[in-house]
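According to TrEMBL, the active site annotation covers D299. The ATP binding site annotation in TrEMBL covers Q110, K126, E147, A230, A231, L232, L233, E304, D319. For E147, D319, the entry in TrEMBL reads Mn(2+) binding site. The domain 'FAM20 C-terminal' annotation in TrEMBL covers 194-403.
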Amino acid sequence: SKLAALFKHPLYNIPVPEVTEKDKLFIINPMEKFSLRSSGSDEWISSSKAETLLPTGKTAYDTYPTWLKFHISINRYELYPRRDPLLPTLLRDLATQRIISSVQKSGGTQLKLIMTFPNYGQALFKPMKQTRDQETPIDFFYFSDFERHNAEIAAFHLDRVLDFRRIPPVSGRLVNITKEIWDITTDKKLAKTFFISPAGNVCFYGECSYYCSTEHALCGKPDRLEGSMAALLPDKTLAKRHSWRSPWRRSYHKSKKAEWELNPNYCAQVREIPPYDRGHRLLDLIDMTILDFLMGNMDRHHYETFEKFGNDTFLLHLDNGRGFGTHSRDELSILAPLQQCCSIKKSTYLRLQLLATQPYRLSDVLREALAADPLAPVLAEPHLQALDRRLGKVLVAVGHCLAR
């Protein structure tokens, strides 16, 4: 296993700083029991202050559902640990747990559903919009591209292979539209959009600003539909998040260019603006840039951080559905922060060099990681080959910076 060998490599075993109580997102007494505030809410509250051992000899923590263990393991330095024993269980839960509620997620440009499990865990479901071998048409603007379910799955595994671990766990899942959405939804607006197509397939389209119409309906075969299931982060009432506008955000206009596209010295301005004027925020943003370039994702207008940790924490790489749309073209403008700032974390650079070598080739380790997903093969082979080509271009860009 190339993947197992990669994760054993010294570069994947650099210790994170010691995690103190103030570095944890939630401070939990492992003897405490938790209950849900109300059914249908993922807001959990302590039901007692100091429970003794349970009759089984286990602490209350042992009885927590996996999603809750995931939430309370989040700290200043990582969304989940490298050797996280919870990860396989959490991915399996996302793929197999019974769905008891499906409602449309508000906001956003395209249709997404929030699905709830019997243990109060929740996942964000993005349905399949196009097949594995379809490419985004060359005349499409990045802001009108489809969001792809398989891009969300592949992005999670790529982020982990790069040792960023900043994307919440995602699994593929085959959903029964009738039993797991239509029959159980309490969302009246969503319910109105279901219909049976002339071919006898169950379809729906929801309400959103792009691609929510009869012409863009999502149809099952006859009612089975692929999608990605992403573990939801803790409710924002429990763990506030700060949304940051990316300095290298695109103009989202058909003809206007953003300032960074016109000013080659743009990075000098960014370096003077908090929070990019100190700490590792700019380097973290360049990490995210490299992830986006490898995926071909041009749609990174914002990123988020947990408010509790201030400016000294990792960035959350959320919403990756517009990655992996093209394998035949490389969008070099995504690398602008790296090229203009000529900065990169040493650990990131060393890992990228490692992933360009034969024993740990990026396409091979990602192919292996994706093979375990219920919807494998997640990516068409040309997308995996494109990763190796793009990785070479990232290393060339760093080489140019070193030469300067």
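Positions of Cβ are set from backbone N, Cα and C atoms, glycine also.
Annotated features, which come from TrEMBL, shown on the structure.
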residue	record	contacts (Cβ under 8 Å, 6+ apart)
Q110	ATP binding site	K129, F146, E147, C208, Y210, Y211, C212, G321
A231	ATP binding site	W67, F70, L90, L94, G121, A123, P168, P169, V170
L233	ATP binding site	H71, P168, A239, R241, L316
D319	ATP binding site	D299
- Among E147, D299, the most crowded of the recorded positions [Cβ within 10 Å]: E147
- Item | Farthest-apart CA atoms of Q110, K126, E147, A230, A231, L232, L233, E304, D319, residues recorded for ATP, distance in Å | 20
- Message: Considering every residue in the domain 'FAM20 C-terminal' (194-403), what is the mean pLDDT value?
- Response: 95
